[in-house]
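Enquirer: Structure below; questions to follow.
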Amino acid sequence: MVTTQKAVVLLSGGLDSSTVLFRAKALGYACYALSFDYGQRHRRELEAAIAIATSAGVVEHQILPLNLRLWGGSALTDLSIDLPRDRDLATMSQEIPVTYVPARNTIFLSVALAYAEALEARSVHIGVNALDYSGYPDCRPDYIAAMQEVYRLGTKQGREGQPIEIVTPLIDLHKTDIIRLGHGYGVPWEKTWSCYSDGQQACGRCDACRLRLAAFAELGLVDPLPYAVHPPL
């Protein structure tokens, strides 16, 4: 009897994590989606995460409340910090942006590790990618390698020689590559959400919107999300 391997998939509801989930599902994993209600200004992404998890047919979808607004430190968790708007890609990659949430992936990957170990899952899947690690310190390959060592040393499974693997299938990909990949897996882009604002329409001006719109345009595709504005890219 063949046992389907369990996998925990970190799911925000955006392009990247949705592609990772549909990929894991296509590879035959029994997928357990994990999302966080962490006080993000764009709580609309949680609606997207629920829709994507349902579309993918996950075994379980956990949404963990975690109030990172208690200390802020990011434009995503502190409403007094303005979101960057109307920036080009070159400007975005010059420094760590104010949308970086302090230690967010360390927190998320730690919770995912606990969830995976409790499930006796063999892997945690996360959608970090090349565009992210140009700006975010907790999306870079050396960071993932360090967290993999934490997974090996900090768990019963790891100490017994079967560490839970951190799977990063998008690590070397750009947004255009990710959209191509997700398209092949049938990701319903209209159900995803990338915008840092919290309306029923994406703003079209934040970094996340501009990266997404530029990638769809480069591929000659129409992004099915409704946008408040369609700025020149």
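Backbone N, Cα and C define each Cβ position, glycine as well.
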Enquirer: Name the residue, out of CYS139, CYS195, that Swiss-Prot lists for the same Zn(2+) site as CYS203, CYS206, CYS209, please.
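Expert: It is CYS195, as the record lists it for that site.
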Enquirer: Would you list the other residues of this chain near ATP - those whose C-beta lies within 8 angstroms of the C-beta centroid of LEU11, SER12, GLY13, GLY14, LEU15, ASP16, SER17, SER18, THR19, VAL20, LEU21 - in sequence order?
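Expert: Here the nearby residues are ALA49, ILE52, GLY127, THR192.
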Enquirer: Kindly assign LEU11 (ATP binding site) to one of the three DSSP-derived states: helix, strand or coil.
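Expert: Its secondary structure by DSSP: coil.
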Enquirer: Rank the binding-site residues LEU11, LEU15, LEU21, CYS195, CYS206 by the number of other Cβ atoms within 10 Å of each Cβ, and give the residue at the low end.
Expert: CYS206
